[in-house]
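Engineer: This is the structure I have questions about; it appears just below.
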Amino acid sequence: MSIHQTIKRITAAEIRSRKGQEPIVSLTAYQAYSARIADPYCDFLLVGDSVGMVVHGFETTLPVSLDMMILHGQAVMRGAKKALVVIDMPFGSYEESPEQAFSNASRILAETGCGAVKLEGGVYIAETIDFLCKRGIPVMGHIGLTPQAVNRFGGFKTQGRNESNWQQIEADAAAIEEAGAFAVVVEGVVEPLAVRLTEMLSIPTIGIGASSQCDGQILVMEDMLGYGTWVPKFVRRYGALEQEMEKAIKSYADDVKSRAFPSEAEIYKLKQKSG
């Protein structure tokens, strides 16, 4: 008789209940292998539209399609068994109307099995968040530096450097909470504003380039692992995998050229005839 142990996946409601408790741990993930490794240590994994820049080589997140997000979301769901999986709704998939957003968000949930979607924006997107939440789709918000608005911001610029700009970001946060979001990513804002948002909201704030006082933190996994040459100010490198990868590939290439690979132990031989 075999015993099958079912791993209980974290839900959006559980993330919401973590407000003010032990910090919430999160990373981005784009494929099954990295999701499987990160899963035991993360409360949620974000299939971010940053996949367009990190994996596909785009300069911004704007070219990312709904089909791309679903494909990567399916891969992450195969690798992650415990963490809540949240999938970004890409640029152009939700801004037109709440009905458009519901059509695309419901497709994401149905085709991937993920537990929530994430939308960028504040006051202007609150009606859409409300529409989705009332129809059973958990939504994570995203305010501050919103990469899909890179052209409006004139680049990836820190938000809230002048206190005169705080009022709009605070209004965005309040509107998202009132609309029913279970958590909100606070990206690229000055530390005092991130603390203020965390104190004023009853839902968890997930910081990226914000404050250690947020209710949780998220980083792009590849940034944290040490891929790429440009390191944003808010990223701490916990590895140097790009150098290790280059070193391993060079060693492989050298061994192939010198015929040191494959060795006798790494090739198949005929079976010895008996008798």
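For all residues, glycine too, the Cβ spot is worked out from N, Cα and C.
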Engineer: Among Asp39, Asp43, Asp49, which residue does Swiss-Prot name as a further Mg(2+) binder in the site formed by Asp88, Glu120?
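Structural biologist: Of Asp39, Asp43, Asp49, Asp49 joins Asp88, Glu120 in the Mg(2+) site that Swiss-Prot records.
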Engineer: Spatially, which candidate from the binding-site residues Asp49, Asp88, Lys118, Glu120 is nearest to Glu187 (active site, proton acceptor), comparing Cα atoms?
Structural biologist: Glu120
Engineer: Whose Cβ, among the recorded positions Asp88, Glu187, has more other Cβ atoms within 10 Å than any of the rest?
Structural biologist: Asp88
Engineer: Go through Asp49, Glu120, our binding-site residues, and report the one whose Cβ sees the most other Cβ atoms within 10 Å.
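Structural biologist: Highest number of other Cβ atoms within 10 Å: Asp49.
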